[in-house]
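The feature active site, proton acceptor is assigned by TrEMBL to Asp102. For Asp6, Cys7, Gly8, Asn9, Ser10, Phe11, Ile12, Lys13, Thr125, the entry in TrEMBL reads ATP binding site. Under the heading substrate binding site, TrEMBL lists Tyr93, Gly100, Leu101, Asp102, Arg103, Thr181. Taken from TrEMBL, the feature K(+) binding site applies to Asp122.
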Amino acid sequence: MILELDCGNSFIKWRVIRRGLPVVVAGGVVDSDEKLVDAIASIPGLSLRHSRMVSVRNEEETQKLALAITESFGLQTQCASSARVLAGVRNGYEAYERLGLDRWLALVGAYATVGRSCLVLDLGTAVTSDFVDAQGEHLGGFICPGMPLMRGQLKTHTRRIRYDDAAAEEAHSSFAPGRSTAEAVERGCTLMLRGFAVSQLELAHQYWGDDFVVFVTGGDADLVKDVTPGAKLVPDLVFVGLALACPLL
Ligand SMILES: Nc1ncnc2c1ncn2[C@@H]1O[C@H](COP(=O)(O)OP(=O)(O)OP(=O)(O)O)[C@@H](O)[C@H]1O
Ligand SMILES: CC(C)(CO)[C@@H](O)C(=O)NCCC(=O)O
Ligand SMILES: [K+]
């Protein structure tokens, strides 16, 4: 079995797959190295043989997590690294090593899946979009704040924007103008994300007409699903790219 880790800015997504089979044996989302180790250790019957990881954290934090995996499970973790070209895709950044590895693996995974022009939207702590054409040229993309950052900035820089998680969740029942702070902020920020998604679709139409595939991933993918009809909702897109970046030796 293979342990796969996607170490984002706020959360660590993990899963265990069977070698050679597209079968997910276990998986989850945690917010610390310790909870990751506990979560994996609590699953009975795992026989981990390999470990691979993509991380957008700094080198020190990434190595600390790899060390925790070695100490707890006796596994060396293969870490994805930047590349100019992978699986038929050419990185569009001038300084290719600066492109976030989560973006890189998601767009490589998307293109490898369909072999056609792709728009990849990833809605996490940050929201990103990336454009890959039918020849596998990455044209670049955009980065903007995601829901957690938009909410956080409003709370940090105002005195009176305060509400609890329960109110936040209830606010998502409609897009009517908010009649409470929670509704006003949650719906306002969601509408910003949806507007961004629509603008990305428009750009893709300008480039490629109707001949492209939209992939949506990340913890907040659901917030844009009804403005991206026909999009492929692929929560584990980064892992598709990770398998290409870190094939088993
Ligand atoms: N099971 C879950 N656990 C944690 N967050 C979740 C979950 N489901 C949805 N979310 C939402 O997903 C968002 C975080 O997205 P995601 O986990 O893709 O990104 P991240 O790891 O924080 O950051 P990055 O963008 O660097 O990957 C949060 O807004 C959170 O509300
Ligand atoms: C944009 C994020 C934070 C999204 O997770 C990540 O891909 C990242 O840290 N990227 C580095 C900057 C860049 O991609 O240009
Ligand atoms: K991500």
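Backbone N, Cα and C define each Cβ position, glycine as well.
A map of TrEMBL features onto the structure.
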residue : record                 : contacts (Cβ under 8 Å, 6+ apart)
Asp6    : ATP binding site       : Ile12, Lys13, Trp14, Met53, Val54, Asp102, Val238, Phe239, Leu242
Gly8    : ATP binding site       : Val56, Asp102, Gly124, Thr125
Tyr93   : substrate binding site : Leu99, His138, Gly140
Gly100  : substrate binding site : Val56, Thr128
Arg103  : substrate binding site : Val120, Asp122, Thr128, Asp130, Gly141
Thr181  : substrate binding site : Arg160, Ile161, Arg162, Tyr163
Inset, instruction - Other than Asp6, Cys7, Gly8, Asn9, Ser10, Phe11, Ile12, Lys13, Thr125, which residues of the same chain sit close to ATP? List them in sequence order, counting a residue when its Cβ is within 8 Å of the Cβ centroid of the site. - result: Val29, Val56, Gly124
Legend entry - Fewest-neighbour residue among binding-site residues, criterion Cβ within 10 Å, set Ile12, Leu101: Ile12
Inset, instruction - From the binding-site residues listed here (Ser10, Tyr93, Gly100, Arg103, Thr181), select those whose CB sits under 6 A from an atom of ligand 3. - result: none
Legend entry - Residue pair Ser10 (ATP binding site), Leu101 (substrate binding site) - Cα distance, angstrom, rounded: 15
Inset, instruction - Drop a 10 Å sphere on every Cβ of the binding-site residues Ser10, Thr125 and tell me which sphere holds the fewest other Cβ atoms. - result: Ser10
Inset, instruction - Could you check which of the binding-site residues Ile12, Gly100, Arg103, Thr181 have their CB within less than 6 A of ligand 1? - result: none
Legend entry - Whole-number Å value of the largest CA-CA distance among Tyr93, Gly100, Leu101, Asp102, Arg103, Thr181, listed as substrate-binding: 40
Inset, instruction - Can you tell me which of Tyr93, Gly100, Leu101, Asp102, Arg103, Asp122, our recorded positions, come within under 6 Å of ligand 2 at the Cβ? - result: Gly100, Asp102, Arg103
Legend entry - All-chain count of other Cβ atoms within 10 Å of the residue listed as 'active site, proton acceptor': 27
Legend entry - Maximal Cα-Cα distance (Å) across residues annotated as binding ATP, namely Asp6, Cys7, Gly8, Asn9, Ser10, Phe11, Ile12, Lys13, Thr125: 13
